[in-house]
Amino acid sequence: MEQYIIKGGNPLVGEVEIGGAKNAALAIIAASIMTDETVTIDNLPYVRDINVLLNAIEGIGGKVDRINRHKVNITGAGIGNFCIDYDYIKKIRASYYIIGAMLGKYKKARVPLPGGCNIGTRPIDQHIKGFKALGADVEIEHGMIVATSERLVGSHIYMDVVSVGATINIMMAASMAEGNTVIENAAKEPHVVDTANFLNSMGANIKGAGTDVIKIKGVSKLHKTDYSIIPDQIEAGTFMFAAAATKGDVTVKNVIPKHLEATTAKLLEMGCEVEEFDDSVRVVASKKLKHTQVKTLPYPGFPTDMQPQVAVVLGLAEGTSIVTESIFENRFKYVDELTRMGADIKVEGNTAIINGVSKYTGAGVSAPDLRAGAALVIAGLAAEEITTVDDIVYIQRGYEDFEKKLQSLGALIECVNSEKEMQKFKLSLMVS
Ligand SMILES: CC(=O)N[C@H]1[C@@H](OP(=O)(O)OP(=O)(O)OC[C@H]2O[C@@H](n3ccc(=O)[nH]c3=O)[C@H](O)[C@@H]2O)O[C@H](CO)[C@@H](O)[C@@H]1O
Ligand SMILES: C=C(OP(=O)(O)O)C(=O)O
């Protein structure tokens, strides 16, 4: 089993290039099967979740040609099997996008209930409500979501909760429904906008993505396109918080600064300097970190996918900070691990009360999920002595070359596969 071994204490300094957004790419890959023509997608992150979804698409008869690590051609013409295999899908959340894509194009889909990070109960009632409003029959049978419809007809759909997945899924199906659909109380995340832009580039007619009312005129056919995914705001934010935690000076490149505003605001409140350029952001953390309050909210609020990372930084800030998680009920699983590194955090319901400590001390910890895992790596980078992070398979779901990018910023981190490799790394640290 691979694990990270980290010798903390080095400020991160330098420049790091951010890849394409995992959560946009997953939706866009699924949407690419809505045409028989070949779709080219560029700026894909080379991460586990993307590879799992591409394999699943091959599994149902789609053709996937990797041009390089970040670029792929997908041809949906051969799809003849409308049932996705459970083995693929249990590993990822975004498998649910195949339902919207297949229902739109083929008017039928049979997909196992999705997996993904265990950060809460994660119901999909709003997806189902939307599909039903478009005229589909949706049943859960033996762990499968079975959606069928003679014809899909546009509808007026009010979302009871702001859901990224349900907004995108309904938008995909409605793109190929007859007539007009309005989605009210829609999610406004950058990946919702990116997926709408992608579908429009295939001939869909979607307006209003990025606001809370999305209007879709259904079309009967979609066509080929050549599309580049937006940069990953969560990967970018993770490096920004890593800079803050290690008292570093890091420029994150290939980003859309507007997408990072919530992160930037919190870093400024903590006393970091943040400089914005056209497509990069520089974070300098030279002063003592100050406490602040964070509440996760749908975009443009502070992203839940960045909550563990900000909490790790606040754990090192002067005074008492409050972090409130309002999206998922089980996203503080990293707190016990961080406590082992010396953090002083008390969780009460959906709130973490963080009393800043002057330092973390290295320890053996396990990544409980993707972002919590990344946050524990940040803690290890800031900590005294050696930290090992187990279960990094979670981190590999969403971060490409995480350790290499950190090494390029001066971090002492290695991905090791055995006790022997770990001892070798420890020895190299003693020699250097
Ligand atoms: C693959 C992907 O893009 N994952 C992201 C997506 O997850 P995901 O799309 O699963 O998250 P949602 O935006 O749907 O969830 C938001 C909230 O709505 C609730 N809900 C959602 C759907 C539904 O049918 N019923 C319902 O009650 C959820 O339990 C949660 O409390 O958005 C989350 C919120 O930004 C991110 O943390 C995830 O990284
Ligand atoms: C929670 C995440 O992913 P998923 O929804 O795929 O579990 C994430 O990207 O932080």
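We number each residue from 1, going along the chain as drawn.
Quick reminder: no glycine exception, Cβ is built from N, Cα and C everywhere.
Bear in mind that TrEMBL entries carry predicted annotations, made automatically and left uncurated.
According to its DSSP assignment, C117 (active site, proton donor) is coil. The active site, proton donor annotation in TrEMBL covers C117.
Secondary structure at K22 (phosphoenolpyruvate binding site), taken from DSSP and collapsed to helix, strand or coil, is helix. The Cβ of K22 (phosphoenolpyruvate binding site) lies under 8 Å from the Cβ of P45, V47, D49, I50, D232, I234, E235, R397, G398, each of which sits 6+ residues away along the same chain. Per TrEMBL, phosphoenolpyruvate binding site is recorded for K22, N23.
Note on R122 (UDP-N-acetyl-alpha-D-glucosamine binding site): other Cβ atoms within 10 Å of its Cβ, all shown chains, come to 18. In the three-state DSSP assignment, the secondary structure recorded for R122 (UDP-N-acetyl-alpha-D-glucosamine binding site) is coil. Here TrEMBL flags R93, R122, P123, I124, D125, Q126, D305, I327 as UDP-N-acetyl-alpha-D-glucosamine binding site.
Summarising the annotation, TrEMBL assigns domain 'Enolpyruvate transferase' to 7-406. In the predicted model, the domain 'Enolpyruvate transferase' (7-406) has a mean pLDDT of 96.
Within 10 Å of the C-beta atom of C117 (active site, proton donor) sit 22 other C-beta atoms, taking all shown protein chains into account. Sequence annotations record features per position, and here TrEMBL assigns 2-(S-cysteinyl)pyruvic acid O-phosphothioketal to C117.
Neighbour count (other Cβ atoms within 10 Å of the Cβ, all protein chains): 22 for I327 (UDP-N-acetyl-alpha-D-glucosamine binding site). Of all Cβ atoms in the shown protein chains, 26 besides its own fall within 10 Å of the Cβ of N23 (phosphoenolpyruvate binding site). For D305 (UDP-N-acetyl-alpha-D-glucosamine binding site) paired with C117 (active site, proton donor), the C-alpha to C-alpha distance reads 11 Å. Among the binding-site residues R122, P123, D125, Q126, D305, residues whose Cβ is positioned under 6 Å from ligand 2 are identified as D305. Counted over all residue pairs in R93, R122, P123, I124, D125, Q126, D305, I327, the record's binders of UDP-N-acetyl-alpha-D-glucosamine, the longest Cα to Cα distance measures 21 angstrom. In the structure shown, the C-beta of D305 has more C-beta neighbours within 10 angstroms than that of any other entry among the binding-site residues D125, D305. Taken in sequence order, the recorded positions K22, C117, I124 that lie near ligand 1, meaning a CB under 6 Å from one of its atoms, are I124.
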